[in-house]
Each structure stands twice: as structure tokens, then as C-alpha cells.
Amino acid sequence: MNRVLFVCLGNICRSPMAEAIFQNLLEKNAQTKAWSCDSAGTSNYHPGERPDRRTLQVLNKYGIQTQHRARQILHHDFEEFSYLIAMDDQHLEHMLRMQKSLPQNQAQILRMIDFISDDQNPSRHQEIPDPYYGDLSDFEAVYQLLKPGCENLLSHILSHAQAL
């Protein structure tokens, strides 16, 4: 089974939202036997906690549920996941540093923002912004980036898998 891991800082806002959206897309596209997903944080600030209530509110608005509990990214994730998706450049750098210490790992580390076209990103964000210190509208704005990003990511990995 191929696996995708979404990564942000605390694993309570962006990455669990991306995970839930992506899981919903896998189910809608009958891909759950071939693909799975999870999320993690680069920090260990919230181990075992549910996503931020505002993350859950936005997901519920779109009929998406999650049972996720926050966790920190670990070295074995680089062996267990085909793709690791960073929400911002700090997460990308953190994962690249971790990856250097691992022998023969094949995980591809990518940035979520690279799967969002300019017309899907009217504010021209260079990263997926952290909504934690904002209000519900900031979480909604993140959802509006992650939804097309997850759709485009799924198309990318499915076309890449077919090419192999």
C-alpha cells in the first residue's frame, strides 16, 4: 500500500485538515485499497490531542470527519510513507534534515503549496499559512487552499503510480 504523510508544526491545524480532506478524496475515488494517509507534526507540542476545534468546525462544514490524534513525525515514517507533504518551508527543511540521517529511504518530500495553481491561490501564498493564532476565517482560508491542493496531489500521485 502507498502512503501519504502530511506534516505541519503541531499536527492540530493544517496537516490533520489535509489528511481528512485527502482521506475523503481517496474514499470518493475508490482508492482506499491502494492508498492511505496520516499526518504528523515536526514538534511534540500536542501528542494525543484532537485537532484544533476550528479545524474540526471547518471540516464538519464540508461533511468531512476525522478521528486523528496529534503525533510527532518519526524516523520510521520515512520508510513507511511514499510521500511526505510539508505545509511550509520550515517543515520541509526539518524533514530534509531528518532524511539525510537515514540510509536508503525512498520517501519523496514535497511542498503542498506546489500542488496549488495560481488561480486556486488568489492571495499568492508561498506556503500554507498557519491559522492557529487567527480566527475561523483563517481556518476556512486554509481549507480553500488545501482542498484543491489535495485534489491536485491525488491526481499527481495516481498518474505517477500508473507511469511506473
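The backbone N, Cα and C atoms fix where each Cβ goes, glycine too.
Per TrEMBL, these features apply:
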{"type": "DOMAIN", "residues": "2-156", "note": "domain 'Phosphotyrosine protein phosphatase I'"}
{"type": "ACT_SITE", "residues": "C8", "note": "active site, nucleophile"}
{"type": "ACT_SITE", "residues": "R14", "note": "active site"}
{"type": "ACT_SITE", "residues": "D130", "note": "active site, proton donor"}
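Mapped onto this structure are the features recorded in TrEMBL.
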| residue | record | Cβ within 10 Å |
| --- | --- | --- |
| C8 | active site, nucleophile | 30 |
| R14 | active site | 34 |
| D130 | active site, proton donor | 17 |
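In this structure the C-alpha atoms belonging to R14 (active site) and C8 (active site, nucleophile) are separated by 6 Å. According to its DSSP assignment, R14 (active site) is helical. Each residue in the domain 'Phosphotyrosine protein phosphatase I' (2-156) has a pLDDT score, and their mean in this model is 96. Cα of D130 (active site, proton donor) to Cα of C8 (active site, nucleophile): a span of 9 Å.
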